[in-house]
Every structure is written in structure tokens, then in C-alpha cells.
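Just below is one structure, and these are the notes that go with it.
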């Protein structure tokens with residue numbers, strides 16, 4: 001049996017495998033470390049003796065977090081913001097990017113310049129807060145859904161993808177009597193599954209991790225997402241004013257392990273969903289980065 005490739009090719013292949021394996025281990029280690037810290041004994045966590053595998057297996061932190069009924073309300077809020085916000089974002093981005101990709105739209109260049117400028121210059125935090133308050137969106141669900149409903153970067157990606165669709169398809173559809181609405185929903189939309197999956201993933205991750213805007217615009221506990229709710233639990237358990245030393249020690253142990261539990265709770269759903277969207281994600285980014 002003849003060996004394939006020269007000695008130099010096999011050496012290069014071996015070195016590439018070693019480098020990629022090392023990169024994989026470096027990438028996976030933080031996830032394993034955080035998971036191990038979240039299910040280890042709090043004493044072991046405090047002593048910083050956990051490096052890879054959990055020590056003194058314990059789910060007490062998870063039990064305490066999920067025993068609180070408000071965590072489920074916060075989780076429901078996060079799911080609502082993620083689903084509703086992503087739907088609004090994708091629809092608005094789709095409807096904004098498609099006209100900007102058509103050569104027949106005479107005002108597309110000035111509009112694109114205006115959109116790109118917003119990527120480098122923002123209105124500022126205080127003006128944005130005043131605007132949200134004056135519009136009556138403060139302390140409502142809309143405060144996390146409408147502001148930033150369209151991201152300039154995502155418009156550019158979607159616009160580039162639409163420009164890659166062959167012009168002959170549009171010409172054939174017009175010859176067959178299709179109008180602009182028919183072309184949009186019968187030709188463009190079926191061809192846009194990849195880029196829609198990419199936009200969905202981008203926006204969904206953004207909404208799921210939206211902590212700062214929730215902290216600014218929401219004071220009602222019943223409207224707050226899970227990230228903000230868990231942060232408040234963490235702050236409450238770091239209160240140094242307690243008199244009982246035993247209670248203070250228990251809270252300190254709980255607070256230390258809660259940081260890792262928060263990471264697992266907030267990232268696990270996205271990690272579970274991503275493998276199902278990975279093929280669309282890679283394909284959409286590649287297609288969206290090329291122009292015919």
C-alpha cells in the first residue's frame with residue numbers, strides 16, 4: 001500500500017492537527033472550568049482548588065436560584081424579548097436592506113452613507129435616555145424592543161447578500177408579470193434562508209445578553225430579564241452590613257459560586273441552539289461577504 005503525500009506534506013498535516021487541537025483545548029477550557037466551578041462544593045470554590053473537574057459535587061446554588069419563583073418570570077421575560085425583538089429586528093432589517101440593494105432605487109447611496117455614519121457616531125447615552133423617556137417607552141417592554149431595532153452592520157451584510165442574487169432572476173420574474181411585492185416574497189425570500197439565519201442568530205444573542213439597556217430603562221422587577229435579575233441577586237448576597245457571621249459566610253460562599261452559575265444559566269440556551277444554525281451561519285456570512 002502506497003502512502004499518500006510526501007514526508008513534508010505529512011509533517012505539515014501533523015503540525016496543523018497539533019495546533020488546531022491546542023486551539024480547541026484553549027477554547028474549551030473556560031467553558032469546562034466555569035461549569036466545574038458552578039457544580040463544585042462552595043468551599044472548594046472559595047479555596048480556588050477547582051481547575052478542571054468539579055470537586056465535591058453540589059447543585060445547591062442551582063437549587064437556590066431556581067427555587068425563587070421570580071427567576072422563572074425573568075426567564076420568561078428574556079424569552080419574550082429574544083423572540084419578539086429578533087422578529088422585529090429581522091423583518092425591519094430585511095425590508096431596509098432589500099430596497100438599498102436595488103439599482104433602480106435612486107436614493108440608496110445617500111441613505112447608505114447615513115446608515116454607515118451611525119456606526120461611527122452615536123447620539124450618546126444621555127440623549128438616548130431622554131428620548132426613550134419622552135417617547136413614553138421608559139419602564140415598558142418596548143424600551144428593549146424598539147431602540148436599536150435595526151443594526152447598521154446587519155443592514156450592510158443583508159444588502160451585500162441581496163446584491164449577490166443574479167439580476168437575471170428579477171428580469172425573468174418581471175417578464176412573467178411579477179410585481180415588486182411578488183419578487184420579494186416569491187424569489188428573494190426563499191433564497192434568503194441563510195442570511196436570515198445569520199441575522200436571527202446575531203439579534204437573538206444580542207437580546208439574550210441585553211443587560212445594560214435593561215438596567216437603564218427598566219425598574220419594574222416583573223419586566224426585567226434574567227441577566228439583570230441574577231445580577232441583583234449577586235449584589236444582594238455581597239451586602240457587607242450583616243451582623244451574623246455564619247449568615248455572612250454562607251452568603252459569601254453563595255455569591256462566589258453564583259457568578260459561575262449565572263454564566264452557565266445565561267449562556268447554555270445559546271450554546272444549545274447554535275449547532276442547529278451553524279451551517280446557515282457559515283454559509284450566510286460567506287455569501288453575504290461576496291458580491292457578483
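First residue shown is number 1, and so on along the chain.
Any Cβ shown, glycine's included, is placed from N, Cα and C.
For the ranges 59-78, 79-98, the feature annotated in TrEMBL as transmembrane segment maps to 79-98. Remote same-chain residues near the transmembrane segment (110-130) are listed as 100, 147, 152-153, 155-156, 159, 216-217 (criterion: CB distance under 8 Å, separation of at least six residues from the stretch ends).
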